[in-house]
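Features reported for this protein in TrEMBL:
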REPEAT    1-33  repeat 'ANK'
REPEAT    33-65  repeat 'ANK'
REPEAT    66-98  repeat 'ANK'
REPEAT    99-131  repeat 'ANK'
REGION    127-178  region 'Disordered'
Amino acid sequence: MHDTPLHTAASVNHIEMVKLLLKHGANVDAEDNSDSPLHLAIHAGHGKLARLLMEAGADVQARNHAGNPPVQVAAFAGLPEVIKLLVEAGSPVNLQDQVGDTPLHDAALQGQVEAAQALIAAGADVHATNNAGKTPPGPCPAKRPRERGRSAPGSRWLAQQGGLLDAGDQAGPHARAR
């Protein structure tokens, strides 16, 4: 259940309703379980609506309940064009969520190569470590047990960009020699 009509309209991609609500003073950054309308639009893959919300002044650094900024939601969803829009609007690409994952961690985890490319082109740190000391796509086995024992999709490409392939922690058995 969404707290405001704007949340509902954003989650179902009702662009005309969003325009009407914004015209009549709806709070573009209202929270619903700490998700903003921008978070919901991106999560649902509504890139045009995300652009509209950003043009209306949506906070591109707002955090949701998991500590994810909109750019991290876009990375997870595999929306490279939305990532570019967010970066142009001032979103940093190396923000970390509650477990220290960056948008690049999530893009690599989900096999979103185009999203990872957009993040790296915008300056994402391929060597960023999360709270467990893992670099992208290191979190894959812990978060996706069905993929245990194999690299995350897109990890070969990420390794070619200078990232660590299944690096594990910096001192552990999977750490790549530097």
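Placed from the backbone N, Cα and C atoms, the Cβ positions cover glycine too.
Across the repeat 'ANK' (66-98), the model assigns an average pLDDT of 95.
Shown for the repeat 'ANK' (66-98): DSSP residue counts in helix, strand and coil, namely 17 helix, 0 strand, 16 coil.
For the repeat 'ANK' (99-131), DSSP puts the residue distribution at 16 helix, 0 strand, 17 coil.
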